[in-house]
Structure formats: structure tokens, C-alpha cells
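Here's the structure, in C-alpha cells; my notes come after.
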Amino acid sequence: MGRRDPEEGHLPAPVKPPDGGWGWIVLLGCFVITGFSYAFPKAVSVYFKELMKDFHVGYSDTAWISSIMLAMLYGTGPVCSIMVNQFGCRPVMLIGGLLASSGMILASFTTNIIELYLTAGVLTGLGMALNFQPSLIMLGTYFDKRRPLANGLAAAGSPVFLSSLSPLGQVLLEKFGWRGGFLIMGGLLLNCCTCGAVMRPLDTGMKRMMEKTRDKYEAKEMLPIGGKSEEGISTTDGTMKAKKAKKKPRKGKKLLDFSIFSNRGFIIYTISKFILVLGLFVPPILLVNYAKDTGVPDTEAAFLLSIIGFIDIFARPACGMVAGLKWVRPHVAYLFSFSMLFNGLTDICSARASNYTGLVIFCVFFGISYGMVGALQFEVLMAIVGSQKFSSAIGLVLLIEAFAVLIGPPSAGRLVDALKNYEVIFYLAGSEVVLSALFLAMATYCCLNRGKKKEGSPEKNPPTGGGSDTEEAESDVQEAEEHSSDNHQPAHSTDNAVVAASEEANHVAEEQGREGGGCPAGDGEVLARDGCDADQTVERDSF
């Protein structure tokens, strides 16, 4: 009947994801952050020719700027996880926005390529990493039933920003030069701070409501209800203090939860994702040069990437809607495997394309499959580990992907230089993607689904399903309440006068209850003199 105070071991009812409301603003912020994180390293490439002239360096030297940005985006995943678990998403994103912006602003004043590596590469890359990961965590916090759709819409920010930042960078380069372009780009990155500011923690409203309820309860407790009853209240306060002293200390939150490696679904996902990244980014990187080698003009060759980006814009939200269907979501891991298989077969079947029409057809199917992969990759991870451990899981996954990013595309470039044949590269990249798809599907079926059938009971976080995170939160609350109940044993008073006063107050209250309609008093409670108001009940001790 009394209030549930978190200070006394009780937890409030779990805050369910709203699946809307302020969550749409969070989704918009995640859309912008995803666009900057993935598109900005590619959009910076329009300045490379001017940088080569000013600093007298080669193309490979300038290309390291984008490579360092991507390496920071992926490689600093565990650092982001630790900071989010320690300080929360909003402060980390605000700091990240300032770092990303300051990196590009400082880059506009650099005098050599090394300074560009440190400013535009390291500083801006770190800032974008501190924005990207927390935005995904907040998106998973605000959406549960509509989470596949939300992930698809947020992932669409990458092709939208890529198709807009590259032309914008070219215009800025022509009017203001590369230094003025970097300065303006740094100003645009300040929008990351705005996106971070709207990432309101979901439990803020619950905390305010609990504070109001506690203040109201304490105010009613302070009302005078008789001297003897006041003595009973003082006894209750003393016993409650004793209970607080006996309560076991709460464990602090882990900065980086390595226990997720005990989840077989997470291990399978991580291995599959590592193999996938080895070949996923190779075709779009080599596509333009491949088209030029087959005799396609430069302008038409560059348009091929625009085709992929345009198809990608619509493929990601559409795939998110399909993944959110009731009969599809429990099997979202298999849908992810199908999207990877589709992408790999597209690479293999298009390796022999020798004319512009064949390359256009390849870009259409590659854009569809690439969008499906982009929309599902983080949804599958959320379904495997749950929202509670997602902050640690994504940091470790991105770190592992960083090694694949540094191995895959550079190795493909070296093979092109050695073999002078793009056909072999497309076969190799497609085979790697197909292998990752087959591994994920077969391992999920053999190691997880069949294992569950043998045990006869479903696992808590099945990797093939996208179950509600609310059930997980409710179970956590239930466990916490059971633990706290062990600490609330009845205390014994040694003061005979206080015992007598408490019993007399209880006797008077029961008589008034009979006269007022026979309202029963709950076990272990003493009703106030004004009747059977639950807000005015006073917990008593069992003697």
C-alpha cells in the first residue's frame, strides 16, 4: 500500500519504449548523425585534388584522411561504450559534436598533410564516432515494436547525405577553396550538437513523477494525527533506517560488459559481420574505375554511384517496414542472411558486365541489397543482445569490423594493381559476402534453434527473434523486488512504552474503521484516524 521508493530497494514500473512521441525527434537526430558519420568521409574526397596540389603529395596520401576517419568511427567503439555507460548518451554526443566541428575548423588552418591527419582525420573521426554509437543506443531505447522501421529510416540518412554533401562540397571548393570549404563543413558538423541535445533520457519523466509522489507522501506523513500515533511513526522511521543500513550495497554498472561473449548468438553475428565487411565495401569503391576501364565516359561512370545512392534511399525504409511485420520479425536473422546472399550473388553475377547497361543493372540490384543490409545490421544485433547490453555490444562489434575495413578494400586495391583484372575482385568480394550469409543462416539454425528444441525451453534472447525489450525490463524489476524483500524483515522494538502506544493507536483505528463502514486494514498497517485512506496508512512493526 505504501509508495515504492528506489532508495529502499524497490524499482519503479519499467518504462516502456513509447514507439512514437518524442521518439520521432530522436529518430530525426539519428538520421542526421548516421548521414554525417557514413557520408562525410566519402564527401571529403572532392577536396583531394586541391590538397595534392597544395601539399605536393600523392592520391594515396590524401586518401588516408578518409581512411583515418573510418578507422576512428569503427575502432573507437569500446571507448564510446565506456563513455556512454559512464556519462550517458546526451553528454557524449555533445562532446562529439564539438570535437567533429573543431577538427574540420582546425584543418582549414593546417600547413602540411600530417596536421590534416590529426585534425580532419583523428579529431573529426573521433567526434563522429562519439555521435554515431549513442544515437543508435537512444533509438533502441525509444522504439521497440516499431524498431525495425526506425532503424531503416535512420539508416537512410547515409545515402541522402552522400547525395547532398558531395555536390555541396564541390560548390564550396569552387567558390571558397578547400580551406573555406573545410571551415563551412566544420560549421555544418555543429548540427551534431543539436542532435545530441534532443536525445532526452527516457527515464527523466519517470524520475520527476517519482519525486512528486514522494514529496506528496512525505507531506501527508507530517500531518498531526495524535501524539501516540506520532510515536508509532517515529518507531517506523527508526526501523526503516535500520533496514536501509542492513541493505546490501548495489553493484555499480559495468563500463564495458564482456559477458555478451557468452551469448552464442552474439558470437555468430560477430563472425558473420567480420566476413561480410571484408567484401561488402569493395564493389562501390572500385566501381567507377572499373567502368572507366571498360570505356565508359567519366561523367557516366560517376553517375553509377548516384544510382546506387538513389535506390538505397528507398530500399532501407522499405526493408525496415518488412522486418517489422509480425510474421517476419521473429525470423529477422534469416532476412539479414537473405539480404547478404542477395548482395553477394549480385557481385558475382555482375563480374562479367562489359557495357554501361550491364553496370546500370548491377547498380540497381546492388543498391537494393546494400540498403537491405544497412537497414537490418543493427536491428539484428539489438534483437540478439537486447537494449540493456546494446551499448557494449555495438562498441565491440565496431572494433572487430575496424580490422575488416582495414583489410578488405586495401587488399582488393593491391590485387587490382597486381592482376590488372577487376573481374577477379568482384568474384572474390561476392564470395566473401555469400560465405557470411551462409554462415549466419546455418549457424543460427544448427547451433541455436536446434539447441533450443533439445532443451525444450526457449532462450531468453533468441538471435532469430526481435522480441520486446519490455519483457526483459519487467523480469529485471521482478528480480530486484525479490532481492529487496529479503532485506525487509520485521524489526523488533525494545521500548515497552512505544509498543503500547502503537498497539493502542492500532486499536483506535480499527474501531473507527468499523464505525466508518468496516474498511479492512491491511496486514502490517495502521490506519489513520480520518478513515481508510491508503495514502495515510502507517506501516507498523511486527512484535
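Here the Cβ of each residue, glycine as well, is placed from N, Cα and C on the backbone.
Residues or ranges marked as transmembrane segment in TrEMBL: 21-40, 63-84, 91-110, 116-137, 149-169, 181-202, 266-291, 303-325, 332-353, 359-378, 390-412, 424-448. The annotation domain 'Major facilitator superfamily (MFS) profile' is assigned in TrEMBL to 23-448. Under the heading region 'Disordered', TrEMBL lists 451-543. For 469-479, the entry in TrEMBL reads compositional bias 'Acidic residues'. Among the features that TrEMBL reports, compositional bias 'Polar residues' is placed at 487-496. Summarising the annotation, TrEMBL assigns compositional bias 'Basic and acidic residues' to 504-514, 526-543.
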Proximity verdict for the transmembrane segment (424-448) and the transmembrane segment (266-291), three or more C-beta pairs under 8 Å: yes
Considering the transmembrane segment (116-137), which listed stretch of 21-40, 63-84, 181-202, 390-412 counts the most C-beta pairs under 8 Å: 63-84
Selection from 91-110, 266-291, 303-325, the stretch that has most Cβ pairs under 8 A to the transmembrane segment (63-84): 91-110
Considering the transmembrane segment (181-202), which listed stretch of 21-40, 266-291, 332-353, 359-378, 390-412 counts the most C-beta pairs under 8 Å: 21-40
Top Cβ-contact partner of the transmembrane segment (359-378) among 21-40, 149-169, 390-412 (pairs under 8 Å): 149-169
Long-range Cβ neighbours of the transmembrane segment (266-291) (under 8 Å; 6 or more residues past either end): 260, 300-302, 304-305, 308, 340, 343-344, 347, 356, 359, 363, 366, 370, 373, 377, 380-381, 384-385, 393, 396-397, 400-401, 403-405, 407-409, 412-413, 416, 422, 425-426, 428-433, 435-437, 439-440, 443-444, 447-448, 463
Confidence summary (mean pLDDT) of the domain 'Major facilitator superfamily (MFS) profile' (23-448): 83
Positions whose Cβ lies under 8 angstroms from the transmembrane segment (149-169), at least six residues beyond its ends: 23, 27, 30-40, 42-44, 46-47, 135-136, 139, 142-143, 181, 185, 306, 308-310, 312-313, 316-321, 323-324, 371, 374-376, 378-379, 382
